[in-house]
Amino acid sequence: MPGSLRKMPVWLPIVILLVAMASIQGGASLAKSLFPLVGAPGVTALRLALGTLILIAFFKPWRLRFAKEQRLPLLFYGVSLGGMNYLFYLSIQTVPLGIAVALEFTGPLAVALFSSRRPVDFVWVVLAVLGLWFLLPLGQDVSHVDLTGCALALGAGACWAIYILSGQRAGAEHGPATVAIGSLIAALIFVPIGALQAGEALWHWSVIPLGLAVAILSTALPYSLEMIALTRLPTRTFGTLMSMEPALAAVSGMIFLGETLTPIQLLALGAIIAASMGSTLTVRKESKIKELDIN
C-alpha cells in the first residue's frame, strides 16, 4: 500500500467509511427503482458487471501479486462480496429497506462483539444492539414482515461478516486495489445468475445508464473506500461504526420515501449514533490491525 495511506491520520479512515456508507444508501434507493424492470438478480448483475469494469480500469489489478497465504482470504472476500449484494437485493424485494439493513447489520455487529477486548468496546456494542432492537418493528407490525426476506437479509449479514474478516487479510498488501479482484470474483459467479434470470431486458439501452450509476454508488466507490478503512481500523471499531448503516437507511426512507419516525425510533437512532461516536472517540492509534487475529 502506498506510504500516504499508511501515514494517514487516525480519524481519516472513519470519515472514509462514513462516505462509503452514504454512497451505498444512495445506490440502494436507486437500485430498488430498477427492480420492476430487471428484478433483484438483474440489478445485482448490472451492479457487479459495470462496477467491476470500473474498478479494473482504475486499479489495473493484473499488476498485483498476492502471496500464497492471501489467496484463500481473497477468494472468500470476493464470494462474500457477491453474496452480500445478491442476498440483500433479494431481501428488499419483500422487506422494507430499514428493516433489511438492520437485519443485515447482525454480521458486522457480531464481528464487533467477538473482537472486543476492552470493557468500553462492549458498551458501544450494547448501545448499537439496543438501537437496532428498537428500530425493528417488534410489535404488531412484525407479523407483516416477510420471513423469507428477513432470512435473506440475515444471510447477507453473514456474508458481510465474512467480507470484513477476509477483507482485512486479503487487502493487507494492496489496499483498495484488492477490491477489483474481489469484485471480479463476485462478478464471475453472480453476473451469469442475474443475467439468466433478467433476460434481454438487462441490456436495454435505457437500463444501462441507471445500472452504471448503481455500480458507481454501490460498488466502485464504497468498496474502494471500505478497503482503505478495513486495513486501517481495528476490527471492533470497523464493525461498530457500521452501525450507522441502519440509521442512514432510516433517514433515507424519511427523506426519499416520506416515512416518519416515532420518538422511540429517534431514540434508537441516537443510541446507534452514540455507539458509532463512542467507538470513534475511543479508537487508539496503536491498535490498528496489521494482521488479522482470528483466534
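From the backbone N, Cα and C atoms, a Cβ is placed for every residue, glycine too.
Look at the topological domains in Swiss-Prot: R63 and T262 end up on opposite sides of the membrane. Taking H, G and I as helix, E and B as strand and the rest as coil, DSSP gives the topological domain 'Cytoplasmic' (222-237) the counts 12 helix, 0 strand, 4 coil. Take the transmembrane segment (263-283) and the stretches 10-30, 72-92, 176-196: counting Cβ pairs under 8 Å, 10-30 has the most.
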